[in-house]
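As recorded in TrEMBL:
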{"type": "TRANSMEM", "residues": "27-50", "note": "transmembrane segment"}
{"type": "DOMAIN", "residues": "41-291", "note": "domain 'G-protein coupled receptors family 1 profile'"}
{"type": "TRANSMEM", "residues": "62-82", "note": "transmembrane segment"}
{"type": "TRANSMEM", "residues": "102-129", "note": "transmembrane segment"}
{"type": "TRANSMEM", "residues": "141-158", "note": "transmembrane segment"}
{"type": "TRANSMEM", "residues": "197-221", "note": "transmembrane segment"}
{"type": "TRANSMEM", "residues": "242-262", "note": "transmembrane segment"}
{"type": "TRANSMEM", "residues": "274-293", "note": "transmembrane segment"}
Amino acid sequence: MAVYNLTSVTQFILIGLSDLPEVRYPLFVAFIMIYQITLLGNGIILLAILTERKLQTPMYYLLTNLSLLDIFCPSATVPNMLKNLLTEDHRISYVGCALQLYFLVALAGTEVFLLAVMAYDCYVAICFPLRYCLIMTKVRCVQLLFGTWAAGFLNSFVHTMSTFSLSFCKSNRVNQYYCDIPPVVALSCSSTYVAEMLVLVVGGIFGVGAFLITLISYIYIVSTILKIQSAEGKRKAFSTCASHLLVVFLFYGTTIFTYIRPTSSQHSPGRDRLISMLYAVITPMLNPIIYSLRNKEVKGALRKVLHLRICSEKA
């Protein structure tokens, strides 16, 4: 469906994988399994942290928020994507598209800021271990978390307002399986200069700033670890931030792959969208696995949660 001339758009069509109909049902099964594993894995992480008193520390408060984001972020796109795969109804209302874009950009932006805060937390823990409790107090942690969520949602509000203040009168076919800024802006028949500049300037300042905080924190962390004399001390120091470092690599790696990589000339656009879909849903599923495998305290708390559940079922 396309809308031309000066007719305003009241709904959008999410192209998704409409040009790859042969993989609809296998993908539906794969994505619903991945989504359920994501909800279950992050839910167990949340339960373990909330029920284990030893994990009531700033580091794990930050991990709790990461798990919440890994539940909310795919929930903004995956249920609608599953409906599209199953019914071939790719329509989404104008308001629905705006809301989906707002929450997706807000949650993704919040995760960028949260990873920077978690990197700062690791920096303080490794570089100033004796002062950690004085620097990363519960009050400071709450302030950082509030700022993280507020910045993410404020940033998204600016981009959503600028995107949907544009006129859409050429086509309503969004070249993606969800509403995102680039494919929606591409449909505008009015000047997109302001919206594009906001993405570059505002998004660039926030995104690059958060990335630099993460990068600089890890430069100091690595420098401090290399100065430790004993191999055991180095191992313990590295294990403190290894899980977060893996999550950072995974997040930025998938973001670069999805948004910055050039479109493949060897594959159809549908296959490129399929690869982007896989990367977008797999990352939230892997984060709880990484933390449960790399962190002894989380593993211990998970064992207690699973043991209590097994005992309650037997009772």
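Keep in mind that glycine also has a Cβ here, set from the backbone N, Cα and C atoms.
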Counting Cβ pairs under 8 Å that are 6 or more apart in sequence, does the total for the transmembrane segment (62-82) and the transmembrane segment (141-158) reach three or more?
yes
Sequence-distant contacts of the transmembrane segment (102-129), meaning Cβ under 8 Å and at least 6 residues beyond its ends, amount to 58-59, 62-63, 65-66, 69, 72-73, 76-77, 135-136, 144-145, 147-149, 151-153, 155-157, 159-160, 178-181, 206-207, 209-211, 213-214, 217-218, 220-221, 224-225, 237, 240-241, 244, 247-248, 251
